[in-house]
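Undergrad: One structure follows; several queries about it will come next.
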Amino acid sequence: MMKRLSTTQIDFQPQLADLLAFETAQNPQVDADVAAILQAVRQRGDAALLEYTRRFDGLEAADMAALTLQPAELLAAYQRLAPVQREALEAAADRVRRYHQRQLQASWQYTEEDGTVLGQAVTPLDRVGLYVPGGKASYPSSVLMNAIPAKVAGVAEIIMVVPTPRGERNDLVLAAAHIAGVDRVYTLGGAQAVAALAYGTATIPQVDKITGPGNQYVAAAKRAVFGVVGIDMVAGPSEILVICDGQTDPDWVAMDLFSQAEHDEIAQSILLCPDAAYLTQVAESMARLLPGMPRQDIIRASLANRGALIQVRDLAEAAEIANQIAPEHLELSVADPWALQAQIRHAGAIFLGRYASEALGDYCAGPNHVLPTSRTARFASPLGVYDFQKRSSLIYVSAAGAQTLGRIASTLAHGEGLQAHALSAEYRLQEGC
Ligand SMILES: NC(=O)c1ccc[n+]([C@@H]2O[C@H](COP(=O)([O-])OP(=O)(O)OC[C@H]3O[C@@H](n4cnc5c(N)ncnc54)[C@H](O)[C@@H]3O)[C@@H](O)[C@H]2O)c1
Ligand SMILES: N[C@H](CO)Cc1c[nH]c[nH+]1
Ligand SMILES: [Zn+2]
């Protein structure tokens, strides 16, 4: 079912590179399809949205009102939930809120001896658009993970888009929007939803930033509209890398690998372990457990396409390979996870210990589940409150300060050949100072 590799193989590095190669977000055909969709929405607005929703989501809507959900409908969905579901959503929301409140950045300033004041004003974005995926599965947890940090940051207006294939609305998704304080929901998906948020239409207001994961069409659209609006990241399919010392119940690890594989045929699940016999046990667990999984076709395809069981020399080598892979999720299923964590530099989220299954992070541990994928954890971070805040520099210059700064600026401006810059600084210089 899954590729078996060993770091002692002579061609291990090229095999690993092959396994990690992921180019869907820059697939030229997808980019071309998305460019056409973006242009159509830009030119024909709501009419194009209705057309694409019919074509891609199988949803026949007479007008945009049929694709718009007001707060009262979100509340009604919340009220329809079974109490146990409502409590689970509320509990997850509380934990996510508590974690993200620690990320709030505050404005700061300091005063220099001559009275010049310098600082940074931190302000929330005015209006953001949250993309919640809904093609192959529904993601109430993604509603919480996007909307709560925005709310904590103080964003004034939160617009959410979510596709509803064949018009099937998911109460948990709408209830999560209610709990998180989303202002309006449009049942739109794919590149057309991203275009609507980026450019605005007669119905949909233009937003300042679009966040949230999605499939290759969503990713390509976000990449294309960046600059018109901000984006959080270009997220690829889900990934999990497990490092195990061979002592965790193999069924647990097998299910952890399935948990990300079941998202998508191109999701990635990899296990690193120094013990070849243990890798065989996990393979046996997977073979036994797979037939009982409702999404077994997706899991099988994902594991065959992009999964691997890799034998490493030792845990130190496993850490090195993890840094090379820079996975979205990294489980350290070992006796001393903190010692191993100290060797990890690149991972979106690190799950420590045998009990920390990645699924807990997806739903309710507290940290965000929107994470850098496709090796971007080398330079990117989890979605957070900081993605919904921005910074403005503050510069107050006293008369005395203008004398010191003016002379420096004037010299540098002349060096750059910029006369107006130099004079602008020099006009404020006072005789005798
Ligand atoms: N990183 C995260 O936090 C996170 C969370 C949840 C899901 N995900 C990932 O998000 C992805 C969700 O993908 P999905 O497909 O289920 O939902 P989606 O909402 O991203 O995509 C569905 C939309 O894709 C568009 N589409 C489908 N086929 C098309 C075509 N041929 N041409 C143009 N547009 C087309 C349609 O408009 C449809 O509404 C999965 O890869 C999943 O792993 C990531
Ligand atoms: N694992 C996904 C992020 O890669 C998030 C998610 C939502 N629901 C289940 N899982
Ligand atoms: Zn998941």
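A Cβ is built for glycine as well, from the same backbone N, Cα and C atoms used for every other residue.
Feature list, courtesy of TrEMBL:
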- Tyr131, Gln192, Asn215: NAD(+) binding site (BINDING)
- Ser238, Gln260, His263, His329, Asp362, Glu416, His421: substrate binding site (BINDING)
- Gln260, His263, Asp362, His421: Zn(2+) binding site (BINDING)
- Glu328: active site, proton acceptor (ACT_SITE)
- His329: active site, proton acceptor (ACT_SITE)
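Looking at the shown structure, what environment does each listed feature sit in?
TA: Using a 10 Å radius centred on the Cβ of Tyr131 (NAD(+) binding site) and all shown protein chains, the other Cβ atoms total 29.
Within the same chain, the residues at least 6 positions away from His421 (substrate binding site) whose Cβ sits under 8 Å from its Cβ are Ala409, Ala413, listed in sequence order.
Classification of Asp362 (substrate binding site) by DSSP places it within a helix.
Under the DSSP three-state reduction, Glu328 (active site, proton acceptor) is assigned to coil, being neither helix nor strand. Taking the Cβ of Glu328 (active site, proton acceptor) as centre and 10 Å as the limit, one finds 29 other Cβ atoms among all the protein chains shown.
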Undergrad: Find, for the listed binding-site residues Ser238, Gln260, the residue with the lowest Cβ contact count at a 10 Å cut-off, counting only other Cβ atoms.
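TA: Counting other Cβ atoms within 10 Å of each of the binding-site residues Ser238, Gln260, the minimum falls on Ser238.
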Undergrad: Gln260 (substrate binding site) to Tyr131 (NAD(+) binding site): how many Å between their Cα atoms?
TA: 20
Undergrad: Tyr131 (NAD(+) binding site) to Asp362 (substrate binding site): how many Å between their Cα atoms?
TA: 17
Undergrad: State the three-class DSSP label for Gln192 (NAD(+) binding site), counting H, G and I as helix, E and B as strand, and everything else as coil.
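TA: DSSP assigns Gln192 (NAD(+) binding site) to helix.
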Undergrad: Does anything in the same chain, at least 6 positions from Gln192 (NAD(+) binding site), have a Cβ under 8 Å from its Cβ, and if so what?
TA: Ile37, Ala40, Val41, Ala48, Leu49, Tyr52, Thr53, Phe56
Undergrad: What is the one among the binding-site residues Asp362, Glu416 whose Cβ has the most other Cβ atoms less than or equal to 10 Å away?
TA: Asp362
